[in-house]
Amino acid sequence: MAPVRDPNTLSNYNEWRTKHTTADFKVDFTAKCLRGSVVLELESQTDKASKEIILDSSYVDVSAITLNSTPSQWEVRDRTGPSGSPVRVAVPNGAGKGEVVKLEIELATTDKCTALQWLTPAQTSNKKAPFMFSQCQAIHARSIFPCQDTPDVKSTYDFIIRSPHVVVASGVPVPGEPESVGEDKVYKFHQKVPIPSYLFAVASGDIASAKIGRCSSVATGPNELKASQWELEDDMDKFLDAAEKIVFPYQWGEYNVLVLPPSFPYGGMENPIFTFATPTIISGDRQNIDVIAHELAHSWSGNLVTSCSWEHFWLNEGWTVYLERRILASIHKNDSYFDFSAIIGWKHLEEAIEEFGKDHEYTKLSIKHDGIDPDDAFSSVPYEKGFHFIWSLDRLVGRENFDKFIPHYFSKWQNKSLDSFEFKDTFLEFFSAPEYSKLKDKISQIDWEGRFFNPGLPPKPEFDTTLVDGCFQLANKWKSKDFSPSPSDTSSWTGNQLLVFLNVVQDFEEPLTAEQSQNMGKIYALADSKNVELKAAYYQIAMKAKDTTSYPGVAELLGNVGRMKFVRTLFRTLNKVDRDLAVKTFQKNRDFYHPICRQLVEKDLGLGESK
């Protein structure tokens, strides 16, 4: 019997494994809950040795459980910290190895569900209909339905969702018009590729859609549809072509993007078939769609090949950032773009490590997760430190050789989960082939233990600075109080070049004066920018300059954007310069933020646990 490798699950998934899940839910906007049933088809991993099935749950109202259509003995045990409450179901006679049993669980979500956010019509752009969406990563699927909530278990899915409004889910829509049942319609989806529970996703609201590629559509509010289509349609197929050339053909059938309301807490969530995306990517300049390259890359790294626990999360994100940068360099037809993006990422990594402290457990590539909530460890570290490890292997063996390893790795592990050591074994096994004998000495010098377990920054590579040299030169000019800026300084730059410039200025030992900060905002049109990435970076400079005229703008932005990348960093800085405004701004917008975001900002501001 295989060991349980994931410390963030209470399930006995080494004794029973979910093979198929059927989620049959009514979206109740009045009660703000999902109600209905799930059927879990679990395969016995022992020969009648296990007499109970243990599932993860968190604040779920379970009303009945049947085992193979027969009422069963079951109980929901007391809550055990962030892991939630185990649901224990008796299987008195056990089951033979390989035998499949069916558990049908009747349930409703509660107001303590951490995976769902419910928006009133007033919180949507056209004010016509309510909206609901899920965010299950890392361990929030258990707050929707009892399950084996671990990335080490993968299941195929059927979704049957009844709602008065349009529904999308992480499966391919079943052909045909949704059936009408009273005021509701029944939306059906099928997911043929086995996925872990954190990729379970559902959303419902006033949603319209439009084509953006040969197998891709964008879905969003009717008011935002035209702008969202324009933002994405030029690059979607290019991204897909580039990704398929690097790895192998796309496995999921469709690739669609749901642009969510502003309170969505992440840049994107790689839910299969429908990436859930922040509206901050719709900036009217096609400058922020790197997020889509990242989420598309997850179709191979993370979704097809998955880390077996959150302790090895870097295998999902480090690989994805690497593939994202390969995709972007390919479509820009400029290898310097890879390094350019890596330079921006290095800044994010430095900030994350400074925030935790360079010796903190959470700055390691592989992190101990016993007894902790994986959300608390969330940062740029698995993304950027993971990327730097993958990139170091690429440079060590050479791009031509590494490009042969990429499809081998994803073929070997597709539809499976692995840990860091299995990745190491796969790499060493591949490069032990006679054709790579000249690399033997180089490969023998890889410090695997150090890479996995040393805290702090990894070795810094030599970056190609072609695309950032001008950014550094302009930043240096701003160190002089006599410098006279002009709009032409940045008029030919991409949004990311402007971001690099702002990041450099933000790191000045001596901050700008308030007057300089105001000039920068006006002359480079940053204060009024629709590009939230640039606006947030500028506000960091303004707050460090003690430019009090910028504080109302910061507070306004914090009431319009729920993406944690911006919300948490802006609140931390605002808290340092004007704690009263920071607390008032949070209290005013508390219900606007997603539960995950709300809880983490409360910790950042020292306001106690979320209720």
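The backbone N, Cα and C atoms fix where each Cβ goes, glycine too.
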Per Swiss-Prot, member of GLU311, GLU317 binding Zn(2+) alongside HIS294, HIS298: GLU317
Close to GLU317 (Zn(2+) binding site), taking Cα pairs within 10 Å and only the recorded positions GLN135, GLN137, TYR266, GLY268, GLU270, TYR383, are TYR383
With DSSP assignments reduced to helix, strand and coil, which class does GLU295 (active site, proton acceptor) get? helix
Name the residues of the same chain, 6+ apart in sequence, whose Cβ is under 8 Å from the Cβ of GLY268 (peptide binding site)? THR275, PHE276, ALA277, THR278, ILE281, VAL291, ILE292, HIS294, GLU295
Whole-number answer please: how many Å between the C-alpha atoms of GLN137 (peptide binding site) and HIS298 (Zn(2+) binding site)? 14
Taking the center of the Cβ atoms of HIS294, HIS298, GLU317 at the recorded Zn(2+) site, which other residues in this chain have a Cβ no more than 8 Å from that point? GLY268, GLU270, GLU295, ALA297, SER301, GLY302, ASN316, TRP319, THR320, VAL321, LEU323, GLU324, TYR383
Could you round the CA separation between TYR383 (active site, proton donor) and TYR266 (peptide binding site) to a whole angstrom and send it over? 14
Using a Cβ-Cβ cut-off under 8 angstroms and a sequence gap of six or more, which residues of the chain neighbour TYR266 (peptide binding site)? GLN135, PHE276, THR278, ARG563, MET564, LYS565
Same chain, |i - j| six or more, Cβ under 8 Å of HIS298 (Zn(2+) binding site); the result in sequence order is GLU270, ASN316, THR320
Please state whether DSSP places GLN137 (peptide binding site) in a helix, a strand or coil. coil
